[in-house]
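Here the structure comes first, spelled out in C-alpha cells, and everything after it is commentary.
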Amino acid sequence: MATERTLSIIKPDATRRNLTGKINAKFEEAGLRIIAQKRIHLTKAQAGKFYEVHKERPFYDELCEFMASAPVVVQVLEGEGAIVKNREVMGATNPADAAPGTIRAEFAQSVGENSVHGSDAPETAAAEIAFYFSGLELVG
Ligand code: UDP
Ligand code: MG
C-alpha cells in the first residue's frame, strides 16, 4: 500500500479536556506520523466552509457552532494507507458504535462532540489538507 497523507482535526471537546497528547499518542502508536500540526481557533464561517459538504444536514449549524467554540488542532498524518488507518484509529462517528481502544470509544462525548475529524478518501484528504496548510508547511 502507498504512503498517504490525511487531514486530522482534534476537535474542541478534546482540546478543552487537554487530550491533545493522548490522542496524538494513538496516532503514533498506529504508525501514523504527524508531519504538520497547528492549533487554531476557527470562526463559525470558517467551520461552515470546511463542512460545506454537510450544509443540508440537520446537524450542520450545531456542528459549525461546536467547531468554533474552542481551539482545534489541525494536523497532517502520513503513513502507509494513512486515510483508512486513521479512520480505524478514530472509530465510528457515534462513540456508542466505536470499537474498543479507538479514540472515539475512549474520548468522545457524543455523536457530535466526537473528539476527532479524519478525511474519508484521497480526494477529500488532498482538498482538506490544502484548506489548512500551504505546501511550505508540509516538510514530511
Ligand atoms: N455529526 C453530528 N450528528 C450526526 C452525524 C454527524 O453532529 O448525526 C457531526 C460529527 O461531529 C461528525 C461530523 O458531523 O464527526 C461529520 O459527520 P460525518 O458523517 O462526516 O462523520 P465522520 O466522518 O466525522 O465520522
Ligand atoms: Mg466525514
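Please read every residue number as a count from 1 along the shown chain.
Just so you know, glycine gets a Cβ as well, placed from its N, Cα and C.
As annotated by TrEMBL, domain 'Nucleoside diphosphate kinase-like' applies to 3-140. Residues or ranges marked as ATP binding site by TrEMBL: Lys11, Phe59, Arg87, Thr93, Arg104, Asn114. The active site, pros-phosphohistidine intermediate feature in TrEMBL is assigned to His117.
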Note down the number of other Cβ atoms within 10 Å of the Cβ of Arg104 (ATP binding site), including every protein chain shown. 22
Cβ density check for Arg87 (ATP binding site), other Cβ within 10 Å (all protein chains) comes to 17
Cβ-Cβ distance under 8 Å, sequence separation of 6 or more, same chain as His117 (active site, pros-phosphohistidine intermediate); the residues meeting this, in order, are Leu7, Ser8, Ile9, Lys11
Name, in the order they occur in the sequence, the residues of the same chain whose CB lies under 8 A from the CB of Asn114 (ATP binding site) and which sit 6 or more residues away. Lys11, Asp13, Thr93, Asn94, Pro95, Arg104, Ala108
In this predicted model, what is the average pLDDT of the domain 'Nucleoside diphosphate kinase-like' (3-140)? 98
